């Protein structure tokens, strides 16, 4: 695998020789300047420099729009073809006829797939801090389906309102007929689409590292710079994080497809490093993406689904609520809102939410809604900070290049 980058290595070595023989500043001063620049960028956040951050964010948006406009202008044939296809689809969508039943069915499936794929991309693409969409959306959806399946003794929920709302069918099944496999099958599409989205979100680190390696230029990404520094001091690494990163890098480099598959098949916060490694060593695209897709959309997704389904199965939930009530002193007061919430959900499933159950909002659901709002807001803020820091990096690179040319 490493042989694919032999020519790139020779170019990089040649560049390093030129740097040592030329009028470049020594390595220690360069590293010190990079460190100062990084610290300066990290201070550009909304809660420290709000006006500067918003200004840099706006300018970065304008630069990105300008770049994309230029790219689209140079690909006019693709743009015209896309607009023609869009016009045909819009005409088909609005013209009345017998085809409308198929249009509505396709629209429903497309929106469902796009929603979960989009959430998967947001979870792993690396915008800002990343949005933990499994904990906020997919996990709660699987948990809701699991609780409803055991309560209704069926997974044949009426559509509509499913998946927007879950209610029991008029003819409920026999008690004890719900199996783990039936619940897995019910949420398979949502989970697999989310997994496909997470696999797509892992592509930017791969393409960035591949482009940097093929060009032989100095990398423009801090994660990639950290990766190269890690390779240089591989033998002297002693701390656990560095050793873990090296283990991932060596597994992917030596084992190839199955190494990538192993890293993608388990919850792995270091998987970005696997993408950078594959790009750096010029692993073929379909080898990287194929292993990532199989690992994340099939293997890892089934592991996560099974965990959530088992955790929220009827007898486990009842045991957890009973365990909360057994806590000395505060147990009963903590147990009551959980019991009220579960009872309210049961009544909703049986269309009885209006009778016999208080309509006041349970504090558990209120807290979860506020948690979702807070995490989404923090995600948006982190994107603003990240883009503002990207613009600051552009300015620093421009100043550095001007200093070198003097």
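Keep in mind that glycine also has a Cβ here, set from the backbone N, Cα and C atoms.
Note that TrEMBL annotation is computational and uncurated.
Your range for transmembrane segment, going by TrEMBL and the list 1-19, 20-38, 77-95, is 77-95. Checking the ranges 353-370, 371-388 against TrEMBL, the transmembrane segment annotation falls on 371-388. Checked against TrEMBL, the range among 306-327, 328-349 recorded as transmembrane segment is 306-327. If you look at the transmembrane segment (371-388) against the transmembrane segment (77-95), you find fewer than three C-beta pairs under 8 angstroms, all six or more positions apart, and that falls short of contact.
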